[in-house]
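What Swiss-Prot says about this protein:
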ACT_SITE  Cys380  active site, nucleophile
ACT_SITE  His514  active site
ACT_SITE  Glu516  active site
BINDING   Ser13, Lys186, Thr187, Lys188, Pro189, Thr190, Gln191, Lys222  UTP binding site
BINDING   Ser13, Asp146, Ile147, Glu148, Lys186, Thr187, Lys188, Pro189, Thr190, Gln191, Lys222  CTP binding site
BINDING   Ser14, Leu15, Gly16, Lys17, Gly18, Ile19, Asp71  ATP binding site
BINDING   Tyr54, Ala353, Phe381, Gly382, Met383, Gln384, Glu404, Arg469  L-glutamine binding site
BINDING   Asp71, Glu139  Mg(2+) binding site
DOMAIN    291-541  domain 'Glutamine amidotransferase type-1'
REGION    1-265  region 'Amidoligase domain'
Amino acid sequence: MARYIFITGGVVSSLGKGIAAATLAALLQARGYRVRLRKLDPYLNVDPGTMSPYQHGEVFVTDDGAETDLDLGHYERFTGHSANSQDNITTGRIYRNIIERERRGDYLGATVQVIPHVTDEIKRFITTGNEEFDFILCEIGGTVGDIEAMPFLEAIRQLHNELPRQSVIYVHLTLMPYISSVGELKTKPTQHSVKELQSIGISPDILLVRADRPIPETERCKLSLFCNVRPSAVIQALNMPTIYDVPMAYHKEGLDSEVLCAFGIDPTPKPKMDRWEDITYRIHHLEGEVTIAVVGKYTGLKDAYKSLIEAIAHGGLANKVKVNIEWIEAELFEKEDPASYLQKVHGILVPGAFGARGAEGKIQAIQFARERKVPFLGICFGMQLACIEVARNIAKIENASSSEFCETKNPIVGLMTEWLKEDVLEKRAKCGNLGGTMRLGAFAAELKEGSHIAKIYGMTRILERHRHRYEVNVDYKDKLEQCGLIFSGMSPDGVLPEAIEYADHPWFIGVQYHPELKSRPFDPHPLFSSFIEATVEQSRLV
């Protein structure tokens, strides 16, 4: 029988509920339990696929093609288990499901209301498909007190009474701010947050309290008294140097032990923390450092590149180096010479994006990497622009561009109108909806025997996650290959380019997919490991 852990947040947003949920799942996993993580988002969008990166941050894509919250990336990286479309739901998706049922007449003429229909739909999502797991951890997005979150909180309140005894606990993540003028950590914000939670019928079993310094025992006892939790269930969650330090820190604070105690599990399995001890040791015993430039479009919000940042760090771990990232807004290179910004970096990475803004600046960065023999990795949009760069500067194709930017006689990159998914032809009209209409999820690619990328992978058939609406136009393949560009990866049907490289460049690779989505701290993606290895070599030349 599955047990349920609901993680809520209070006081302020962005406290790290996703990291807390992923950490707790990893700790339970270390004790031999089977865990599943789910995220419930209160916004009305059906999914984050059409949301601005500045509003939402990264859109994390699962193998089955779901566009989900970035916290699912943390879930995968901490547990090693792949998420799917049933691990993230939004208010928009819930309402869409309910309205579809109402139109079909499934409610038999009943007045459709938030209670019971919306709450029942939420409960159905939470409790479905959990037969193979010991613990289901559900993170409730937003902050307690937000009007959007009320149906979710009501649903998890109801589940406490509907499921067997000792099947549900609540973990509340909160903040204990330090007031420098008086030199004290303050408990009052947490007290009020818990009071708000209790007013809707939920009493937290465990308080996970964020703080930037150790919490005195007197303040813990105060929280215990006023928030109605055991003193041992007030767990301090101190700021850590990296997110991969968090599991060991929470374990030492007794979070996993307290959770098992709340469920009445005794005796508890002994945890095997070897791999977390190893990863924290390696993080703090690096032997050098390199610097790479990420030339992007959304550099003002690092959450837009969350998986990319982590994958770069994983590549650094694999090479025992710290990787410093120089964030460069691509539009800068449309006004200034990129050389002054890029001549001292050891690698250049152009990540995925949409739209024309910043594209010309990225092309300038790609040209610099190609001509100066600087290690280069282009992801999705980055690969497309690398093809436009060679078309313009070597093949001399007039007006070479992308149909995403403008009408052009030479669309090196064009809109995909059809592609194969699991042997089924999917089609898209140019004037169709944007949401959920891209090439999404895991697709196979065939790598050219003997190519650089095939050697990196150690195989010629790979399965990687995609999220794109445009694709390099295969009609220009021969002309670009005559200029030295190698199409080293193609879709199995030979229609869609998946990877490019140069034979005469020490490390220049572009891929249409998103390798960062499958990188793990314990299993770094081979492309990032190899890319950072190349930057280490480059650092010896600069």
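Using the three backbone atoms N, Cα and C, a Cβ is placed for every residue, glycine included.
Positions of Swiss-Prot features highlighted on the structure.
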{"residue": "Gly18", "record": "ATP binding site", "CB count, 10 Å": "25"}
{"residue": "Ile19", "record": "ATP binding site", "CB count, 10 Å": "21"}
{"residue": "Lys186", "record": "UTP binding site", "CB count, 10 Å": "14"}
{"residue": "Thr187", "record": "UTP binding site", "CB count, 10 Å": "22"}
{"residue": "Gln191", "record": "UTP binding site", "CB count, 10 Å": "16"}
{"residue": "Lys222", "record": "UTP binding site", "CB count, 10 Å": "18"}
{"residue": "Ala353", "record": "L-glutamine binding site", "CB count, 10 Å": "22"}
{"residue": "Gln384", "record": "L-glutamine binding site", "CB count, 10 Å": "30"}
{"residue": "Arg469", "record": "L-glutamine binding site", "CB count, 10 Å": "14"}
{"residue": "His514", "record": "active site", "CB count, 10 Å": "25"}
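Gln191 (UTP binding site) has none of the recorded positions Ser14, Leu15, Cys380, Gly382, Glu404, His514 nearby, counting only those with a Cα within 10 angstroms of its own Cα. Taking the C-alpha atom of Lys222 (UTP binding site) as reference, the shortest distance to any of the recorded positions Ile19, Cys380, Met383, Gln384, His514 belongs to Ile19. Spanning the listed ATP site, residues Ser14, Leu15, Gly16, Lys17, Gly18, Ile19, Asp71 have a farthest Cα to Cα distance of 12 Å.
Calculated from their C-alpha atoms, the gap between Thr190 (UTP binding site) and His514 (active site) amounts to 39 Å. In the predicted model, the region 'Amidoligase domain' (1-265) shows an average pLDDT of 96. Neighbour counts of Cβ atoms within 10 Å were compared for the recorded positions Leu15, Ile147, Cys380, Met383, and the top value is held by Met383. Look at Arg469 (L-glutamine binding site): DSSP puts it in coil. One way to see the shell of the ATP site is to take the Cβ centroid of Ser14, Leu15, Gly16, Lys17, Gly18, Ile19, Asp71; the remaining same-chain residues with a Cβ within 8 Å of it are Gly9, Ala20, Ala21, His74, Glu139, Leu173. Listed in sequence order, Gly10, Val11, Thr174, Leu175, Met176, Pro177 are the same-chain residues at least 6 apart in sequence whose CB falls under 8 Å from the CB of Pro189 (UTP binding site). With all protein chains in the displayed structure included, the most crowded Cβ environment within 10 Å among the binding-site residues Asp71, Glu404 is that of Asp71. Within its own chain, Phe381 (L-glutamine binding site) has Val350, Pro351, Gly352, Ala353, Phe354, Ala359, Lys362, His468 as residues 6 or more apart in sequence whose C-beta sits under 8 angstroms from its own. Around the Cβ of Gly382 (L-glutamine binding site), a 10 Å sphere holds 25 further Cβ atoms from the protein chains shown. Ranked by CA distance from Glu404 (L-glutamine binding site), the recorded positions Ser14, Gly16, Asp71, Lys188, Glu516 have Glu516 at the top as the closest. Largest Cα-Cα distance over the residues recorded as binding CTP, namely Ser13, Asp146, Ile147, Glu148, Lys186, Thr187, Lys188, Pro189, Thr190, Gln191, Lys222, equals 31 Å. The DSSP secondary structure for Lys186 (UTP binding site) is coil. Other Cβ atoms within 10 Å of the Cβ of Ser13 (UTP binding site) number 11 in total over all chains.
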